[in-house]
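Novice: So that we are looking at the same thing, I have put the structure below in structure tokens.
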Amino acid sequence: MNPNKKRLRRTMMFLNAQKPGLVKDPYIYNPDSIMLDLEDAVAENQKDVARFSLFHALKEIDYRGCERVVRINGLDTAYWKEDIRCAVAGGCDAIRIPKTESPEEVRAVEAEIAIAEKDFNIPVGRTLIMAAIESARGVMKALDVCESSERLFGIALSGGDYTKDLQTRITGTGVELMGARQNMIIAARAAKVQCFDTVFTDLDNMEGFRKEVETIHLMGFDGKSIVNPRQIPVVHDIFTPTQKDIIFAEKVVKEIEEKREKGIGVFTVDGKMIDIAFYDGAKRTIELAKASGVYKGEL
Amino acid sequence: MINAVGRDIPDEILKQTGKQPFMGNHHFDGYEYKKDGPVTKCVINNTDSKMVDNIREVLVKCGIKDGMTLGFHHHFREGDYIVNMVMEQVHNLGIKDITICASSLGKAHDPLLEYIEDGTIVGIQSSGVRGKIGQAISDGKLKGLAIMRSHGGRVRAIESGEVRIDIAFIGAPTSDDYGNLRGIGGKSNCGVLSYSMVDADYADKVVAITDCLVSFPNFPAHISMTKVDYVVVVDEIGNPDKIATGAAKPTSDMRKLMMADYCTEFVVNAPYFKDGFSYQTGVGGASIASTVSLAKVMKERNVRMRFGVGGLTKPMCDLLENGQVDALLDTQDFDLSAVESVIKTKHFRISAGEYADPFNKGAVVNKLDYVILAALEVDVNFNCNVVVGSDGVVTGAQGGHPDTAAGAKCTIVISPLIQGRIPAICTNVTTVTTPGESIDVVITDYGIAINPKRQDLIECMKEVDLPFKTIEELRDIAYSIVGEPERVQFDDKVVGIIEGRDGTIMDVVRKIKKFEFSEA
Amino acid sequence: MEITKPALAGTLESSDCQVTVEPGDGKIDFALESAVINQYGNQIRKVVMETLNNLGINNVKIAIVDKGALDCTIKARVEGAVSRATDHFENNLWGGTGK
């Protein structure tokens, strides 16, 4: 498995791939991932040249560890295949498919990626996939999409298009997104892939943004799409485990590793019943703590 | 001769100016001298009026003649009408070879270009220049040497007699018929008249120009009638919208906010952050944002500021309003909130001399704990450039930069690492305005560098969670992104000097050469 | 490749550059306007010449108004303008073997 499939993705910052001022150094804001957009952000009359900007940005800018995801144009356009070739040739980390509604679409993208990887001498399997769900049908097909490809690391809700399809709108309360969020996180967890929430576009409403992030964090989401760097520290703050959680997780990991050698399956930590099922969660807490810069232990 | 910041000052410039090369911030500490004094024409009678009909007439009354030096202040900033108004009449009278000694000049003074070209103006002494005047200086159009000096340095130059101002023009928001002047109360309020106070004290003739004549006595006077020869009333002394702007909306630019947060984190972890500390900051977006975030921490930790200095803006005045600072010491007001705050009891007006002059018996800057500054360029020796653009053209002002940097215990420079394609951290600044010995910390969006001479600060930041780097590392990051810049191509001709605050030569400004591609 | 018609790519936004190409008279005519010409003029010209060379263009009038663009942006805008001037959008400049 591509080791990057499970990497930390609390924040994915959207950037128009052909705006040099945006693309040159988004890493200073420390997003976990950036998404270089060839789709909606690029005007129709710039589609012909946007790939040149994308290609050279991918080739020449050192994104200092930020994951570089490229959003391609929809599979119903004339652009998507060349988008993939350009992104793979540039060495992107993942392709984001817009408006995904079926596993076949993911597999079509996967096939193009495979050809491009071969053509451009990129190790086969290096380029991952994420699928954006933007319709009622997409939500209903979420589990199939999640299980469609070994390259797929996660699915993301795109709230704007989804609510239009539902014949409602973004209200700020989250009520219109409730079903999609629930369905998608459950599907993603069932398929053991990641799940990302939609953007929050009201930039001045930082309090509303914080509340929304708190909600999706508790729902189990792995991260959120970001449209302005100001939103990044808020997400990272909410996704940072508390010291209490970290200390407990550290004990759990150590105890499980120690007890496993002794053949003990069930035991207690701080009075709580613990077994192997706690291991992954505890490890994830430690990883999050490390990424957030609040863990200095030896794990 | 190579000076203390490694700049080669040509011998003929030293000879021509009679100046010494810069020898370090404290070289003249303890130096004794006798101050100059103005020629004063007494007014004993109680019948004559000081009122004069217009600027032309007052020029004649003052005995304007070729070769004189005229003083101006820049409290009206880019809204100033005074300099252009006076120079137009000087030009109309056919006067030549004038030297302008202003506390600063800006784009508002672009019309002076014509007078530089026709020989009306041959000398410019200012904190800085922008726009067409800067371009003219860099193109070698000014007959004499341009002298760029700090706010403190200007007071030193005048008080020591190095510069004698023949006629000083003081744009005053209000005046009475006897020349009591205030920075407030009219339609073009600028708050204070700090930069003019030395002109009033030392110029042979002092002319007040106002667009709001009030009845006697205009008290408390910011500049007293005892120093003013004539009063002229004009329709407008400036454009109020450009004199004191509305308070700048707090920046929402994440890059600036990030640098502001770094700055505040640094300030609160430095040893000077305790009850009774003192602080000054500039008017850049990041500086203002850092005052806002500092105020928050002060409140949380219950730390009071003893005094704030400026160059004042709303966030500083808010500290006073909210009872977080005991006193504000004011040399200039940048927005309406600051102007309106001038009448408060704990808001004190100070002169440019009290503020920053290194050649008096101690200035306010020496009592500063922190100063937060900006810079166009900082080099790996921490030398700062705030006057000459990276393209070699004069386009900025020293202001109080060298004065506060030298005086404060902790001098912090904030600048984004890359501006356009220009690396703000470089191997060698285009021109040195503030010596590296004055600069303690440089904060960029890519990391923070502490001057190695401040091992004490490096030590106390050891456990602080900030992205510390060496200044060389910051430069290397910048160069890795934008490429190493080529040196600007200059002509040999020296067109200006950057004067150290003690009157020595910090650096020279050379005539710009038109760019030519190298042979490919 | 032959430039057959005038074309333009890029913008005058900060960190971008605007590149105009038109049919040349037998050689490369290069014009540059930039606030950073003193520091990066030679570098910009080098990048432009290399990019044109890679595209096989040696007969063009190319004018650049630069707003502090990095090399990667200059390359992209030159390619964009040339691509438009040659109706060659699908050309795989990234060196692939696709269609």
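Residue positions begin at 1 at the first shown residue.
Every residue, even glycine, has its Cβ placed from backbone N, Cα and C.
Note that TrEMBL annotation is computational and uncurated.
As annotated in TrEMBL:
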type    : residues           : note
DOMAIN  : A:10-229           : domain 'HpcH/HpaI aldolase/citrate lyase'
BINDING : A:Arg71, A:Glu134  : substrate binding site
BINDING : A:Glu134, A:Asp161 : Mg(2+) binding site
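Are these features on the surface or tucked inside, and what are their neighbours?
Specialist: For A:Glu134 (substrate binding site), the count of additional Cβ atoms within 10 Å of its Cβ stands at 25 [all protein chains shown].
For A:Asp161 (Mg(2+) binding site), the number of other Cβ atoms no farther than 10 Å from its own Cβ, over all displayed protein chains, is 18.
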Novice: Could you tell me the C-alpha distance between A:Glu134 (substrate binding site) and A:Asp161 (Mg(2+) binding site) in angstrom, no decimals?
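Specialist: Cα to Cα, A:Glu134 (substrate binding site) and A:Asp161 (Mg(2+) binding site) are separated by 5 Å.
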Novice: Which secondary structure state does DSSP assign to A:Arg71 (substrate binding site), in the simple three-class scheme?
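Specialist: The residue in question, A:Arg71 (substrate binding site), is strand (DSSP, three-state).
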Novice: Take the domain 'HpcH/HpaI aldolase/citrate lyase' (A:10-229) and average the pLDDT across it for me.
Specialist: 96
Novice: Round to a whole number and give the Cα-to-Cα distance in Å for the pair A:Asp161 (Mg(2+) binding site) and A:Arg71 (substrate binding site).
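Specialist: For A:Asp161 (Mg(2+) binding site) versus A:Arg71 (substrate binding site), the Cα atoms are 15 Å apart.
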Novice: Tell me, how many other CB atoms lie within 10 A of the CB of A:Arg71 (substrate binding site), whichever protein chain they belong to?
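Specialist: There are 26 of them.
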